[in-house]
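*Asks:* Can you read through this structure? Questions will come right after.
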């Protein structure tokens, strides 16, 4: 619940803002509502009567609320009467500044009681501003008449409303839901009086259609017998569509204080309600656990068969779709289930803690829904998930190899077919017969180049045949088309060899044209060699294993890597320029109809070599980039895991301070998520480039994901432990000093990082003043180590110490409370339960209590003794 802020848009420096939680936002002082004449009239009368009910104790009163407080004297007197404290001596002068000084003393006293004033200044009160004066009086009423009202730990307004609802619940035609229209017919006020003083009003004679008569009856009886002055007019309430809430609250609070001495039965009923509320809440948590566990196990059951499906697809597109579906499962479907699993464990631990603190038996989930069962099912899911991912990647590699071979076959065939296109016609021409000497020499040189080219293409033809054979061995789905094309190339190759030999003696052509091409080949070689050396050096650097010993050294490597990446655009320009020379050669050859051999006489480097190495450099850059980030994130996660393992026993201060520290710690971890997301992006780029190994780091993306999930789960569990300690402290009444003493004692004897051996535990108890024999120590060990693990955890130690030092509700106390409600009988009737308990708790008891059988017992007698024992898992006392 938020604190109330009662604000007015006037000058000066005071603010109404009480820091207690007895006000809600709907109670804010709304200036617009003050403009309603009916509400203002009701507030004037009610607030004036309320002030006079206190001022008469000092022998005075006020007539006009905005006039009589202007000099501040009666305002200071009012505060002294209602607070029982002395205010500073008032100024006796009659000048304006004397009045302002007195009002300021009163306002300062209000502020000293925890109320902050917004926009209410002494000048407005001295000037007789009615809205500001009413706002100030309402603030005083809230602070001194309503603030301390509390029913079952509710706020003031809610507590007063709950009190009214409980007191009027048994009465016909009364349904109190608010502090305005619920009171218009007067029956609610009459019901309050009759509940506590049935001798004053005959409720059976009241009629709902006589609201003015009902209200006047209540006002007259309250004023005559309860010393509650008449603060409201019946006609104003009835004729106003929505009576003023503040006026009604002020008047009703007088009844609360008049009947402040609640009966012993109400106290007993409150105790039973509290116990039953705990039981109902625990049952709700059990149902929620069962539901969440069932949903999570059902999701795991549905998911595992999908992950176990190993039916491979024939195309890369289909397998990549499977991989994308798996990534979508990892990114979208699994994370919420991870969170549900963690929340399930937290809910289970919290439920067990609440049951233990309230002396209830431990919760035992349905068969197959224990936390360990869920953990085993989750472990099985992750094993199947890992196997599915490995299978996907293996199948993708296989299909990628097939697609690569098929594409390579097509490319080589296309290149070879492009090269041989027209060659048979060319070799069959006799253009040399009419050519000049220069032309013949040119044709001869061209033919010599063709012969060299032809010899070079022998390897390509052999490669095409080898690739076709491998595709057949790997059972490629379109092997028939491959075989037909390969046979055609081999037949054509044999025919070209025969035609070339016949033409050799006749060709001496294209010499000068080849000189130009020769020069371009030379230029290509001169530029390709240094660029190739640069790529070799870059590959060596990127493949070199680096050894670092600190984050600073890793950061230095990242900086150097970034500097290297900055040079890539310039290197790419050099690559394009070098390949441009080769393209110029191709352009000349195409222009003059020359078929090139494809071999540069000045270098063994080809454009394909340069392109291949360039792709390799880019892949290495991706590997290095991923490794640099992973080598920071991996150790960071490991460090945080080690820090969290000590945090539950090392943090000093109160549990709330520990909780705030852990929450900040958790927030720092969550803020680190952007680094994980960036690494995921780099990992996706690597997978899309079909890069499956990285020798620059020992961390895989799977390691990072698992470590990150474990880190989030560990910090959540640590926070839950502190929350349970707070629950233990608050429920058992253990002081912070006691908890600190328990922690200090545990830490002194802790030699196993959060756990004690039995001998250390015995020494710890002796140091705290326990006189232990073997039998007593064995009994204590069954409490702190019921599963015989051989160690005592910090949480078990705290639970034991709180049981030793604090009191809890017992079955005997609940029985005693029921006995009060039953007027010392051994049974309680349905009517008594419905009269003394709220409807929900009453029906809860009626549905679970067994019928009491005894002499002279009525037919609706219920056995509250067995019911009280069952609440705490005990047999009948």
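Even glycines carry a Cβ here, placed using N, Cα and C.
Fair warning: this is a prediction, and the values are worked out from it, not measured in the lab.
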*Asks:* From 219-246, 247-274, 275-302, which range did TrEMBL mark with coiled coil?
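*Replies:* Coiled coil, as annotated by TrEMBL, spans 275-302.
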*Asks:* Checking feature assignment: coiled coil per TrEMBL, candidates 440-474, 475-509, 510-544. Which range matches?
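*Replies:* Comparing 440-474, 475-509, 510-544 with TrEMBL, coiled coil matches 440-474.
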*Asks:* Which residue range, 655-682, 683-710, 711-738, 739-766, is the one TrEMBL calls coiled coil?
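*Replies:* That would be 655-682, the stretch labelled coiled coil in TrEMBL.
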*Asks:* Against which stretches of its own chain does the coiled coil (655-682) lie, if we need a Cβ under 8 Å and a gap of at least six residues from its ends?
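*Replies:* For the coiled coil (655-682), the far contacts come to 622, 625-626, 629-630, 632-633, 636, 640, 644, 647, 701, 704, 708, 711-712, 715-716, 718-719, 722-723, 725-726, 729, 736, 739.
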*Asks:* Can you tell me how the residues of the domain 'Calponin-homology (CH)' (41-145) break down into helix, strand and coil by DSSP?
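*Replies:* Summed over the domain 'Calponin-homology (CH)' (41-145), the classes give 71 helix, 4 strand, 30 coil.
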